[in-house]
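Colleague: Quick one: the structure is below, questions incoming.
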């Protein structure tokens, strides 16, 4: 295998200060690719287990509420310290155990249900809920350092992996297949990530490349001590503090600029809660006044909200000022327009409220992440957990609204069961 010349240097560091362990660049690329694929598979497992939990059944409403609330709450948890890394592997084993038990019970059939029925029984849903919680904890631990301190392209790639995995796994109920094929598919999705984590994959890269992916969220990229080249993965002695230049600004002038204001964190939280409550209320009013099937275009509307967020981020790159706060007034104006159209185009109003909730929530969280990343805040652990929890809450809202919009009597893409 061809090796890069810069990685064959005798010195442990190259001219740019990067640690040289003699590995080819291809090995690092492969380790990082496996790590991101692991994140995608973990998100797909979470979405697939969530679709099983939210399948129609005698306890569908309770299971769906427990799943949505649990995803929102567990997403805000801080990641364990580096010494508690085996905790994530315990969650991975619990996911395999609970998911495997749910698959076996579904295949054999519970009392009162047929083997392989599209609508799982209560015990199967409870086991699937446990597997979903375990998958969420593993996924939250994997993406924890990537939500605040990672560079922009790496963060966007991580978010794309999470969104793609959740979409594929969560949409399983719409293309559910029966018989042994469904059991084989469920087993493949469950066993795909295995009992490992994405950090295990990232740790196989060289110290220079894995540093961004496994850095503790409470640290800063510039403050992290270099790793010992003799023992990869072990931090070396802390770097001496950089002396302040005599012509630079005083310390008391630059310190406040590096501290995130509390309102920067709570504005997206309040925005999400308000937009989510308004969307759920609109859906309930529509379901009450319109008997029969729900809104079949909800998955497209949810995806359209993401497209609107992507366009907003592209527009944000053009002007020199931040558009995050003005977007709140745009969203308020759209809601006023919806109130005027509710009596003539009720279904369009529901779609607009749902898509607007997804759009404004993600836009505010992305704006918060952009500002915090520039400021390099000291309390990175709390802020990274807040960002991750807000993202997961948006998708928990999407799952919950999807259940409210599911036509009565439909189970996993079939009707009449």
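If you go along the chain as it appears here, the first residue is 1 and each next one adds 1.
Note that Cβ sites are derived from N, Cα and C of the backbone, with glycine treated the same way.
Keep in mind that this is a model prediction, so the values were computed, not measured.
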Colleague: Name the residue range among 6-26, 27-47, 90-110 that Swiss-Prot annotates as transmembrane segment.
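Modeller: It is 90-110 that Swiss-Prot describes as transmembrane segment.
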Colleague: Is the transmembrane segment (323-343) packed against any residues at least 6 beyond its ends, judged by a Cβ distance under 8 Å, and which are they?
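Modeller: Long-range Cβ neighbours of the transmembrane segment (323-343): 267, 271, 275, 278, 312, 315-316, 349, 352-353, 356, 359-360, 363-364, 367-368, 370-371.
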Colleague: So which residues does the transmembrane segment (119-139) touch in its own chain, when a touch means Cβ under 8 Å and the partner is 6 or more beyond its ends?
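Modeller: Same-chain residues near the transmembrane segment (119-139) but 6 or more away: 39, 42-43, 45-46, 49-50, 52-53, 55-60, 63, 66-67, 70-71, 74-75, 77, 88, 91-92, 94-95, 98-99, 101-102, 105-106, 109-113, 162, 190, 193, 197, 392, 411-412, 417.
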